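Enquirer: According to Swiss-Prot:
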type	residues	note
COMPBIAS	129-141	compositional bias 'Acidic residues'
DOMAIN	440-680	domain 'ABC transporter'
CARBOHYD	Asn63	N-linked glycosylation site
CARBOHYD	Asn239	N-linked glycosylation site
CARBOHYD	Asn336	N-linked glycosylation site
CARBOHYD	Asn553	N-linked glycosylation site
CARBOHYD	Asn576	N-linked glycosylation site
TRANSMEM	96-116	transmembrane segment
TRANSMEM	158-180	transmembrane segment
TRANSMEM	266-282	transmembrane segment
TRANSMEM	353-373	transmembrane segment
TRANSMEM	381-401	transmembrane segment
Amino acid sequence: MIGMNRLIFSKAFTSSCKSVGKVPFAKSITRANTRYFKPTSILQQIRFNSKSSTAPNTEANSNGSTNSQSDTKKPRPKLTSEIFKLLRLAKPESKLIFFALICLVTTSATSMALPLMIGKIIDTTKKDDDDDKDNDNDDKDDTQPSDKLIFGLPQPQFYSALGVLFIVSASTNFGRIYLLRSVGERLVARLRSRLFSKILAQDAYFFDLGPSKTGMKTGDLISRIASDTQIISKSLSMNISDGIRAIISGCVGLSMMCYVSWKLSLCMSLIFPPLITMSWFYGRKIKALSKLIQENIGDMTKVTEEKLNGVKVIQTFSQQQSVVHSYNQEIKNIFNSSMREAKLAGFFYSTNGFIGNVTMIGLLIMGTKLIGAGELTVGDLSSFMMYAVYTGTSVFGLGNFYTELMKGIGAAERVFELVEYQPRISNHLGKKVDELNGDIEFKGIDFTYPSRPESGIFKDLNLHIKQGENVCLVGPSGSGKSTVSQLLLRFYDPEKGTIQIGDDVITDLNLNHYRSKLGYVQQEPLLFSGTIKENILFGKEDATDEEINNALNLSYASNFVRHLPDGLDTKIGASNSTQLSGGQKQRVSLARTLIRDPKILILDEATSALDSVSEEIVMSNLIQLNKNRGVTLISIAHRLSTIKNSDRIIVFNQDGQIVEDGKFNELHNDPNSQFNKLLKSHSLE
């Protein structure tokens, strides 16, 4: 619909052109380029517990099974393919978009017909005034205007039809806006769900290296899920509508301008080449700047998430000022990038506005001369100027459409980077086995963490653990004890060698099904916000109350849970007032694992925060599980109280080699054993 400014302009122009004298100066009002403020959110990230640290500018030292992680730079895709790739994201909403476009065409048709109608109304009114002056008839019949026909209709019928047309236009405009907003919200919801699901399906290589080769951090992933998807949604919903509307308005407006006056149209068309060229260069620059801004926002979110998670450490070391300084640096990076965009946008829109104003003045001057020559009527010039405003606005709108499209492509590149990244380890392929029966064997294992290719962990490692055995892995920090659990859980695949359970190589098994048979408790367990019961049911959703109580008893968590005001319904998590101690968290985490009834239980310093009494009770319960149910127990420990409860001790040296293997008493009684050397060096407590 035409805004009030255009109606005011047409009235002022009509009154001034009756005498074909002085022409008032008309200011063109350009639309402000508003930025879209993106919402932020905090998502809980599930990260695999890897002992590796992410180092920049490193690459995976893998078995070469994946070509997608090649270090060779991919060729830059063509702009056309990038646009079609972006548009394909909206394919599921194609029906809604189709109906929205029908509403858009209807609204645009009504709007584009209005200038011609206004011109005819002006000419009809002017003709009446001229007739009155010629006839000097002051007692004009009141019914005379009704006899004047506008587009073949009497004036009452014409204005009634015009009112109906306005109602239809308003209704279709409502439908357009509602449908496109619906498309945008559906699109962003689907993208966020798809991205989150894709991230959870990734392996540890993704977090250690990822598409960037420097590792994927939680803050950057949050930015891509929350911010980039919003930009894409805007680019594919309202922006597409604005672009199509600009095309329709521009084409129809140009056609009607040619119909009214081809001479004025020729003058108007001279501004199109420079405007289109400027828009093209501006869009290319904006695309790069938009991607840079989104990357800066990702870096800031990453720093925010990291520092807020460690606020107690920051306060302990009194480093608030230095942390704020580093955070301000991230804000400064975003500010500088945004100011570059602001300067570019200011130059682009101010130049376009200047060209538009000069063009309008030129058209008015030339139009008044054509009226004086009798080639145009006042109504024709009014219609032409309104169509000129429409066409000029459409050209500017196309520039803004192209700009927003480039922003969408910049954000889509970061989203596609995650969507198209293929994990090295599939979660769904492979066979499913009902039971994990047999011994665990590591045969000729070579392994290096992908983020530390220069530091090998294992070289030709051979390890045999019998089914139902209670084994403890000991050694100095960094000797590869936790890496054994990482490989057994298949967070990583070895570069060489195989890992078998019975006759099954674990790489041949369905990963999700395989992990459902394992139990893994970390030294620093992650408990989700919610109740204690909800956290335990995370291990087994359909667990009965009897199974929950049994798991609580085995982990000795029932000892403190029953003293809580709300028992199992007690809210826990960082956002709640009820906080658990380290030992209590470990016991809840152990209960969450034991409720799955795993056949292989891996404890990575799982009782390190427990007091001696609680640890003794928990270890006694786990030993009973080992003896009565045949659960294979693999402990990784530095505490002597945990080590001595194991049937077999496997000692690693700093190079990741097994140097001793035997019972606790045998190794402890040998004064020259590596085990005793670890005790003397206080590597074991």
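Cβ coordinates come from backbone N, Cα and C, glycine included.
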Enquirer: Thinking of Cβ pairs under 8 Å, which stretch from 96-116, 266-282, 353-373, 381-401 has the most of them with the transmembrane segment (158-180)?
Expert: 96-116
Enquirer: Just going by other Cβ atoms within 10 Å, which of the glycosylation sites Asn239, Asn553 has the emptiest spot?
Expert: Asn553
Enquirer: Please work out the number of neighbouring Cβ atoms within 10 Å of the Cβ of Asn336 (N-linked glycosylation site), leaving out its own Cβ.
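Expert: So the number of other Cβ atoms within 10 Å of Asn336 (N-linked glycosylation site) is 13.
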Enquirer: Average the per-residue pLDDT over the domain 'ABC transporter' (440-680) and send me the rounded value.
Expert: 88
Enquirer: So, in DSSP terms, is Asn239 (N-linked glycosylation site) helix, strand, or coil?
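Expert: For Asn239 (N-linked glycosylation site) - judged by DSSP and reduced to three states - the answer is helix.
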Enquirer: What is the separation, in Å, between the Cα atoms of Asn239 (N-linked glycosylation site) and Asn336 (N-linked glycosylation site)?
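Expert: The Cα atom of Asn239 (N-linked glycosylation site) is 26 Å away from the Cα atom of Asn336 (N-linked glycosylation site).
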Enquirer: How far is it from Asn336 (N-linked glycosylation site) to Asn553 (N-linked glycosylation site), counting Cα to Cα, in Å?
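Expert: The Cα atom of Asn336 (N-linked glycosylation site) is 58 Å away from the Cα atom of Asn553 (N-linked glycosylation site).
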Enquirer: Using DSSP and collapsing to three states, where does Asn553 (N-linked glycosylation site) fall: helix, strand or coil?
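Expert: In the DSSP reduction, Asn553 (N-linked glycosylation site) maps to helix.
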